[in-house]
Amino acid sequence: MGTNVVVVGTQWGDEGKGKIVDWLTENAGVVARFQGGHNAGHTLVIDGEQTVLHLIPSGILREDATCVIGNGVVLSAEALLEEIRELEARGVPARERLRISPSCPLILPCHVALDHAREKAKGKAAIGTTGRGIGPAYEDKVARRGVRLSDLFHRERLAQKLGELLDYHNFVLKHYFGAPTMDFQEVLDQALAHGEELRPLTADVGALLTAEMRTGRNILFEGAQGTLLDIDHGTYPFVTSSNTCAGAAAAGTGVGPRTLDYILGITKAYTTRVGQGPFPTELDFDDEMGMHLGERGHEFGATTGRQRRCGWFDAVATRRAAQINSLSGLCITKLDVLDGLETLRLCVGYRCQGELCETLPSEVETLSECEPVYEDMPGWAESTSGIERYEDLPENARAYLGRIEELVGVPVAMISTGPDRNETIVRQSPF
């Protein structure tokens, strides 16, 4: 039997999952996306060449990997086709390697328009979405009025569903937000054209994955965003619109939860966040340490281009993420960004309303008032960039990683020491 591995982010996204997934696909026959949409930006660097994927699983660059987009993903057909064409222009036969669940809810132009209109109306209180229609598409899914990929293959069915949907959303756009409305015929024609192109790529994803498991192929489930952005367990309402935890891998692809063998949590050696919301260990952009992390780590979002907020490693939040996901191992990324710092700080608790707290508050209002309690550790002057053996790391770097293991309660299985796939230390292979 093969091994089924789930990769999830343990922070607020941008942990470096794309590179690690790409590295792990050497041992995976199938790579599956199970939630989110094209709001996720996975950056891969292979032989110095950078590729940013938003929807298609990172394994698409592997010749022998089958890539799957599961039913838990909200699908922008336009964005997907654009990504497919970009890959084909680079000589990657994406259509041959990609299969998509026909049950995927679609992101339509009205969802993007609603996303922008809402953020504009909220002003300074805006959540800081990517503006790509993810939230409104998930809303329609839950409200049972959404259009699915399979609807694009049936003109009359699509016309009826789309007409009802646009009547609803155009009313809100026009009378509530004072925003332009969507033209029914234009949206219908575009959707039908997308359906023609995507129909050959559809498959029963649950059945496909189950069949692959029976043949003994390893399967990698690729998460997007991060645990602290989970719609239920994250810093609500400053979260994404899907379940980003490991449990969603089963529901978002149609396989049973007992088929998941190993859960790998990706975390930076420090912490970053894009958009609004509480961030206890945040450092100011003009702070010397905050500037170091931002500049050395090239902390700009792959999807939005926004500068990421940077701070020290938060062991309290990561420990909670480890519990929610039942992590088997941690992968620490961007360790090399900490090179040259004299002192490193680890958040080991919070001081909330005068009391010491060692767990992550569930209410965002309480978390916003929390002050980090730090434990200082000595840094290292040596470069860790490109190191591929754990024993070759500086002694203080190994001590830092060991302390993270103790605080989070999960072994460090992998360490990334640079953006290239080869700049990776493996202590325990998930496969």
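Even glycines carry a Cβ here, placed using N, Cα and C.
Fair warning: this is a prediction, and the values are worked out from it, not measured in the lab.
Record features, source Swiss-Prot:
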BINDING   13-19, 41-43, Arg308, 334-336, 416-418  GTP binding site
BINDING   Asp14, Glu15, Gly16, Lys17, Asn39, Ala40, Gly41, His42, Thr130, Arg144, Gln225, Thr240, Arg306  IMP binding site
BINDING   Asp14, Gly41  Mg(2+) binding site
ACT_SITE  Asp14  active site, proton acceptor
ACT_SITE  His42  active site, proton donor
BINDING   Ala302, Thr303, Thr304, Gly305, Arg306, Gln307, Arg308  substrate binding site
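Distribution of Swiss-Prot features across the structure.
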residue : record                 : DSSP class
Asp14   : IMP binding site       : coil
Asn39   : IMP binding site       : coil
Gln225  : IMP binding site       : coil
Gln307  : substrate binding site : strand
Leu335  : GTP binding site       : helix
Thr417  : GTP binding site       : coil
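Within the set Asp14, Glu15, Gly16, Lys17, Asn39, Ala40, Gly41, His42, Thr130, Arg144, Gln225, Thr240, Arg306 that the record links to IMP, no two Cα atoms are more than 34 Å apart, and one pair reaches that distance.
Listed binding-site residues: Gly13, Gly16, Gly41; maximum Cβ neighbour count within 10 Å falls on Gly13. According to DSSP, Lys19 (GTP binding site) sits within a helical segment. For Arg308 (substrate binding site), the nearest of the binding-site residues Lys19, Thr43, Thr417 in terms of C-alpha separation is Thr43.
Only Gln225, from the binding-site residues Asn39, Thr130, Gln225, Arg306, Gln307, place their Cα within 10 Å of the Cα belonging to Gly13 (GTP binding site). Across the structure, Gln225 (IMP binding site) and Gly16 (GTP binding site) place their CA atoms 10 angstrom apart. Within 10 Å of Gly16 (GTP binding site), as judged by C-alpha distances, no binding-site residues are found among Asn39, Thr130, Arg306, Gln307. Annotation for the binding-site residues Asn39, Gln307, Thr417: lowest Cβ count within 10 Å of the residue's own Cβ, Gln307. Take the CB of Leu335 (GTP binding site) and look out to 10 A: across all protein chains shown you find 24 other CB atoms.
Gln307 (substrate binding site) has Asp14 as its nearest neighbour among the recorded positions Asp14, Gly41, His42, going by CA to CA distance. Here the binding-site residues are Thr43, Thr130; the one with the fewest Cβ atoms within 10 Å of its Cβ is Thr43. Taking the C-alpha atom of Thr130 (IMP binding site) as reference, the shortest distance to any of the recorded positions Lys19, His42, Thr43, Thr417 belongs to His42. Sparsest Cβ environment among the recorded positions His42, Arg306, Arg308 (other Cβ atoms counted within 10 Å): Arg306.
Inclusion criterion for the binding-site residues Asn39, Gly41, Arg306: a C-alpha placed within 10 angstroms of the C-alpha of Lys19 (GTP binding site); this criterion is met by none of them. Cβ neighbours within 10 Å of Asp14 (IMP binding site), excluding its own Cβ and spanning all shown chains: 27.
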